[in-house]
Amino acid sequence: MEFILGIFCVLFCLRAGAGFGVDPSLQIDIFEDLQLGEATPGVQQVQGFHNRSKAFLFQDTSRSIKASTENAERIFQKLRNKHEFTILVTLKQAMLNSGVILSIHHSDHRYLELESSGHRNEVRLHYRSGSHRSQTEVFPYILADDKWHRFSIAISASHLVLHIDCNKIYERIVEKTFMDVPPGTALWVGQRNNVHGYFKGIMQDLQIVVMPQGFISQCPDLNRTCPTCNDFHGLVQKIMELQDILAKTSAKLSRAEQRMNRLDQCYCERSCTVKGNIYRELESWMDGCKKCTCTNGTAQCETLTCSAPNCLSGFSPAYVPGKCCKECQTVCVFQGQMYFEEEREAVYSSSGQCVLFQCKDNTMRRIESPECLPLNCPQSQHITLRNSCCKVCKGHDFCSEGHNCMGYSICKNLDDKAVCICRDGFRALREDNAYCEDIDECTEGRHYCRENTVCVNTPGSFMCVCQTGYLKIDDYSCTEHNECATNQHSCDENAMCFNTVGGHNCVCQPGYTGNGTDCRAFCKDGCRNGGTCIAPNICACPQGFTGPSCESDIDECTEGFVQCDSRANCINLPGWYHCECRDGYHDNGMFSLGGESCEDIDECATGRHSCSNDTVCFNLDGGFDCRCPHGKNCSGDCTHEGKIKHNGQIWVLENDRCSVCSCQVGLVMCRRMVCDCENPTVDLFCCPECDPRLSSQCLHQSGELTYKSGDTWVQNCQQCRCLQGEVDCWPLPCPAIDCEFSVVPESECCPRCVSDPCQADIIRNDITKTCVDETNVVRFTGSSWIKHGTECTLCQCKNGHMCCSVDPQCLQEL
C-alpha cells in the first residue's frame, strides 16, 4: 500500500503556486537547543554562509556533542509519532570526509540519522520504519567537496524529497518512518557517538521542521501548495478508522438483534426458586424462623428475632403451626392447670373410669371419648396418655401421627408423646426445638482442626482442609508435603527443587537462567545472527552461519556449496549468497538464483561500446570487439565519456582518482590503481592498507576490535571500511527480486520471495485489493483490526489475503 500511495502522491503533487511562511513553533533549532557556543569543546564558532545565525566548525575528534536528556526529550516530544518533517542544514563539508550530520538512536536502533560519505560520494538517510525494521536510503551526490550547500530532506509518510541548493535532486517512495522514540534515546550532532562518524567541516542552521514541505523555510521561493502524501495517508487512515468503527458497530447491532430475538421468546424477570416455590424479584417470604427476600435472583435469608406478645386476659402466648414466633391464643384453666385451645386432658376417677375434656372457647368441656382399639401388647407395656382415654403400647410411633418439626429439626418418640430435637451440629431457634440453625464450629472455636489446617464450616459439621504444601493425615491434622520427592513441584526440567515448610523453591541449574519455573540455557558470549542457545554455551546456528556463537558467516561461494552459471559470479552475503551477472551480461528479468537468467548485453546495439568512428563494433558473448574494415587503416582510438582517447593512452577517471583506464585498440580497459606500499608517494586514500599509522586505525562499532586502515567487515547488513581512521559503512547490495510478497529472514540482510502473504513482511500493496472480515465488513489493503470475539488476535489485509495471528504478549497481560 505504501508503494501505491506514494505513487499517488507523486502524481498528485504537481507543484504550482506561491510559498508560504513557517510557524516558528514548528521549527526545532538543534544548535540553539544544544546551546552550542564558544565554550563548547570540539567546535569553534566561525563565519557562516550568512550572518543571520551562528555557524560552527567541527574539526577535532575529541568532542562529544550530545543533547542532554531533558533537551533531547523536549525535541522528541515534537517528533514522536510524526510522519511529516524536514531536516535542514547549511554546510561546508571537508573533502573526503565521511561523517554524521545528525543522529537519533537508541542502542543499535537508528530512528533517524543523516550522514554524508566523501569516500563513496553519497548521502545516506538511516531510519526505522513502521514495520520496526532498519532502513537506509542512499543518494549518490558529492556533498563533501569543501563548498557551501543548502541541504534539506523532507519526509511525508512514504514520500521523500531531497533538495540541494534549492534544487530537487531526488524524489522517492519509501517505507513510512517510525518516530515513536523510547525514553533514553540519544541525540548527537556531528558524530554518531563518542568514537564514530565524526563530521569535519562547518554547519549552520541545523533544524528539524515538523510541518508539511518544511524545505520552504530554507528556500522560500519553492512551491508548497500541493497536498502532501501524509495528508493522503491521514485520509486513508481516517477511512480505515471509520471502517473499524463500522465493523464494531455492525457486530454490536448483530449481537443486539440476536438478544432481542431471544427476549421475544422468554420471560426475563429475575426470580428465585426455593423448595419448589418460585418467588419474584424483591418478594419476601417466611422460611421457618428465617425471613427471606429474592434479591437479584438469589434468596437472602436472616434469622427472625421474636419478642414476647402482650396478651389480654384469657389469652396466653403459644406457638402456632407454620409460625416461628409465639402468638396470643385463648386458654382454659382446669384444676389449676392452663390449657390452650383444642388441647385435651384425660381425667380418671377413683373407680378408674376415664373422662376426656377439651379446651373450647376458654372453657374445658367434656367430650365423648372415641372407641379404643384393642392392644397387642402385655398389660405391663400399656402406656397411659394425658390427652387420650385410649392407652398405647410402649414404643408407640407418635411421630407418624404428625409433628411440627421443620428443617434441620427431627421428630423423636418418647414413651407418651413426640418431641422435636435438633440434628447434630445444629442449635434450636426456640424452646420446642421445632426450628434449628447450623452451628458454625469454625468461627465459634468448636472444631478440632490442628496446626497446618484450615477449618471450613459445613451444614451440621465442619471439615479440616490442609494448607498449601501439606498432606492430610486424618480428619483433623496434616503433615508437611515434600513436593520435590513426590515430583509434584512446578520446577523446570532444568531446575533444582528445594523443599520448604509449606512449599518448595526452584533454582535453575548452573548454565541456565530464569526464575526456576522457566529456565533457559545461557550462552556466555550469546548467540549471534539469529542463533538459539539450546544448552549451556552451545548455540544452534541458522542456515548460513557457523562458530561457537554463530559469529562466522559461511561463505557458500568459496566453500563450493554453490555453482553459479558461467555468465555469473557468486557473491557471498550474510547467511546467504546470490549469483550476480558478470560484466557484459544483465538479468533478463527472471532473477533466477543460480544466474541462469543472465544474458549477453549487445554493447553495439545499445551504444555502450568504446569503438571509435573508424572501426566497426562487433558484439561478442559477454563483451564486444572493435574491428577495422578490410583495407582500411584504423587508428585504434577509443571513445570514453564523449571524449576521444588515443590508442595506448592512460588516464585517471575524473570522479574516481583511484581508477586508471587505458585505450587498447578501441577497447577501454579500467582497473583499480596498483598499490605499492614501498613507494613513499603512494596515495593513501586509494591504498589505505599502506598506512601504518596508529592514528589511522579504526575501532569496531562494538568497541572490542581494532581494524587497520583499508580493512573491511560486515556489520548490521552494512559493508564497513576503515579509511585513515574513519569508519564508513554503506548498505550491502541485494540481488533484485520480482515478486508480490517477500520476507527478510532473521539474521539475513536481503529479501527472499515467498508465496504465502501471511509470511511476508514486504508487500507490493495494491489499494484496489480488499478483504472481507469475519463480520462481512470490507477492509482495505494495509488495514489491521482485532478479530471479532477475541482480545489478542490481530488480523491484517494483505493484497486481498486476510492474515490473523495471536499476540503472545497480549495473552500474558490478560
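In case you wondered, yes, glycine gets a Cβ from its N, Cα and C as well.
Bond annotation: of C519, C539, only C539 is listed by Swiss-Prot as forming a disulfide with C527.
Swiss-Prot records a disulfide bond between C557 and C570, which is the match among C541, C570, C579. Following the DSSP three-state reduction, the secondary structure of C422 (disulfide bond) is strand. Of all the binding-site residues in the record (N457, N572, D600), the one with the smallest CA separation from C436 (disulfide bond) is N457. N619 (Ca(2+) binding site): 17 other CB atoms within 10 A of its CB, across all protein chains.
Taking a C-beta cut-off of under 8 Å and a sequence gap of six or more, C491 (disulfide bond) has these contacts in its own chain: C484, C497, H504, C506, G516, T517.
Simply put, out of 270-329, 438-479, 636-691, 696-754, 696-754 has the most Cβ pairs sitting under 8 Å from the domain 'EGF-like 5' (553-599). Within the chain carrying the domain 'EGF-like 2' (438-479), a Cβ under 8 angstroms from the stretch's Cβ atoms is held by residues 408, 423-427, 500-504, all 6 or more beyond its ends. Separating the Cα atoms of N613 (N-linked glycosylation site) and N619 (Ca(2+) binding site) is a whole-number distance of 16 Å. Ranked by the number of CB pairs under 8 Å to the domain 'EGF-like 4' (521-551), the listed stretches 53-226, 395-437, 600-635, 636-691, 696-754 are led by 696-754.
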